[in-house]
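Quick look at what TrEMBL lists:
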- 69-188: domain 'ABC3 transporter permease C-terminal' (DOMAIN)
- 514-628: domain 'ABC3 transporter permease C-terminal' (DOMAIN)
- 64-88: transmembrane segment (TRANSMEM)
- 116-138: transmembrane segment (TRANSMEM)
- 158-176: transmembrane segment (TRANSMEM)
- 207-225: transmembrane segment (TRANSMEM)
- 231-254: transmembrane segment (TRANSMEM)
- 289-311: transmembrane segment (TRANSMEM)
- 510-533: transmembrane segment (TRANSMEM)
- 554-582: transmembrane segment (TRANSMEM)
- 602-624: transmembrane segment (TRANSMEM)
Amino acid sequence: MTGLGRPLFRAHARANLVLAVLIAVATALMAGSFTVLIAAGTDRYLPGVPVPADDMLSEGAMSVLGWTLALTLFTATSLVSSMTAFTIDARLPEIARLRLTGATGRQVSRSIVTEVMGIGLLGSLAGCLLGWPAGAVINALLVRTEFAPAGLDVTPLPWSPAVVLGLGLVITFFGARPAARRAGRTDPLVAVTDVVPARRAMTATRWVVAVLGAGGLAALSTVRVTSTDDVFGFSLLTSLVSVTTLACLAPVLVPTVTRLLGAPLARWWPGPGLLAVEHTRYAVRRTAALALPVLLITALSGGLLTIVGTANGTPGTDSRADLVVLSAGAPLPADIAAGEGIAAVTELSVLAVTAVLDQTDPDDAPEEETWYLGAIDVAAAADQDLVTTTQRAGDGDAAAYPVASTDPGVLPLGATLAVVTPQDTPVVLTVTSVVDADPVLPAELLIDPDLVGAWATQVDTASVITLTGTADGDAVRDRLAAATAPAEVLTGTALAERQAAAADRQSRNAVIAILGGGIAMAACSIVLGGLSGAADRRREFGGLIRSGATDRQIVGSAVVETVLVLVVAALLAVADVAWVTWRLDVLLSWAEAPRVAVGTMAMALGAAAVLAVAATAGGTVWQLRRLSRQ
């Protein structure tokens with residue numbers, strides 16, 4: 001009986017094409033991410049490109065791509081499930097006719113799963129073919145945003161398409177199975193009455209997942225993360241659980257919120273306005289097909305940017321120096337430092353600490369990692385030692401950090417230090433041993449057996465200027481700029497704003513790199529959902545035309561329905577970001593929702609609104625023209 005539904009699915013070729021395109025996009029993005037992940041993890045470079053000694057970029061690419069694959073799987077499964085449920089529910093009268101001819105519920109369910117799996121196979125094969133160019137695009141994006149090294153060989157391995165093809169089929173199966181089981185329980189009387197009865201918006205699966213998600217959120221709210229390094233992953237997990245819970249509760253939340261928001265609209269515009277409000281309340285599948293991608297991408301982008309923005313920022317670390325001279329050369333000459341209006345000069349240096357790590361495999365050469373440490377007082381650190389420390393005693397991560405010390409007795413064993421990491425985040429370190437600043441550290445003095453050597457080199461300098469109370473800041477800045485050219489002279493406020501802008505830019509790059517696949521799938525889902533929604537309303541359009549409604553009123557009603565759905569999805573996304581911000585405040589005793597998070601969420605909503613309104617209006621006009629020709 002697997003061919004039972006073939007005529008049915010051939011009759012809905014456009015809806016099947018929508019589903020195939022969505023699966024193809026998801027599979028192509030997973031194939032591209034998987035290819036770049038393998039290249040970064042195995043150091044596969046193009047011929048003639050030397051393997052860099054510092055593999056921090058490769059590790060960064062692996063981290064970003066790991067999250068990218070996880071979020072792409074999560075987003076793809078959610079969107080495919082929503083779109084499949086929407087397209088199958090639109091065919092319930094035809095499915096009921098199959099039941100009326102004697103097909104059992106199991107036969108109908110099996111037939112639908114088989115046919116949808118065939119669509120998924122075609123979409124997955126197309127995605128695998130597009131995986132190579134998608135990998136090149138993803139690799140170029142990661143290189144441009146400084147999350148991957150240049151020169152990676154992103155040619156797919158022979159076995160990687162098979163893995164991605166399997167993932168595409170798994171996504172298709174889990175997306176089709178719940179909707180197919182519900183379709184198998186369709187009442188055959190629907191074929192006689194041609195009226196689809198109201199179905200339970202909240203299925204048992206939704207209730208189970210929602211209850212588990214709510215319990216998970218309650219459990220996560222009691223967890224205390226002691227290390228700032230774990231905050232990103234923990235907060236992202238919190239965001240994913242909350243987004244999943246909101247998505248499962250959408251059939252309950254969307255009608256309730258829509259009823260509150262749409263009541264004034266229904267009174268002001270009793271015809272199309274009332275129709276739009278009622279559609280958002282009762283056309284749950286159609287609403288979910290549009291609301292889910294907007295909710296997922298807006299909430300995840302806002303949550304990620306809030307997390308990264310909070311991690312990049314540090315309370316009380318904004319530079320408020322009078323003037324700062326940035327240069328890569330020697331410190332300020334004595335005559336300039338003692339000039340008129342200058343009360344004090346502090347020379348700071350940025351040091352690169354290179355650590356040599358021994359490999360587990362004796363055949364592999366030791367690899368080097370580099371950390372950058374800023375805000376070192378050069379004068380106080382003239383006789384500095386290298387202090388082997390562990391981050392937050394008990395973590396077991398050993399590293400060599402240069403710190404200011406003129407006497408080993410000043411830093412006794414067990415003492416704690418406040419060190420600023422490259423992300424400008426304060427880290428509490430515990431001293432485990434103090435050694436001389438030799439070019440290569442003796443391995444027996446290091447607590448980490450894999451760390452066989454380390455040294456520090458100066459890579460940049462900065463001079464922090466404190467002005468006298470009566471000094472003319474602009475005049476001193478102009479004099480310093482002329483005397484230290486080509487060095488750059490900035491006020492502390494300007495430097496802080498530049499650092500904040502750089503952090504925001506890096507945060508946006510990280511989110512674009514991680515959510516790039518989800519954004520592409522969401523855009524496709526919004527456009528395809530708008531077109532499919534217009535086709536789903538076609539029977540309603542006929543009734544409206546017979547009741548005297550004009551084409552403009554019908555198009556306006558469809559657009560208003562779309563806008564209401566977008567507003568509700570935006571409110572749910574804001575609630576998710578507020579939850580993430582509150583959890584960060586509990587974990588770190590402070591949290592920051594940077595402007596870039598708010599701006600990016602607004603941009604995502606604006607882009608979604610443009611795509612959804614254009615697709616809805618265009619699809620509605622197209623369906624009206626088809627009706628007029630009949």
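Using the three backbone atoms N, Cα and C, a Cβ is placed for every residue, glycine included.
Remember, TrEMBL labels are computer predictions, not curated facts.
Note that the structure is a prediction, hence the values are computed from the model and not measured.
In this chain, the transmembrane segment (207-225) lies apart from the transmembrane segment (158-176): fewer than three C-beta pairs between them fall below 8 angstroms, excluding pairs fewer than 6 positions apart.
Most Cβ pairs under 8 Å with the transmembrane segment (554-582) belong to 602-624, among the candidate stretches 116-138, 158-176, 231-254, 602-624. Assigned with DSSP, the residues of the domain 'ABC3 transporter permease C-terminal' (69-188) fall into helix, strand and coil as follows: 95 helix, 1 strand, 24 coil. Restricting the average to the domain 'ABC3 transporter permease C-terminal' (514-628) gives a pLDDT of 75.
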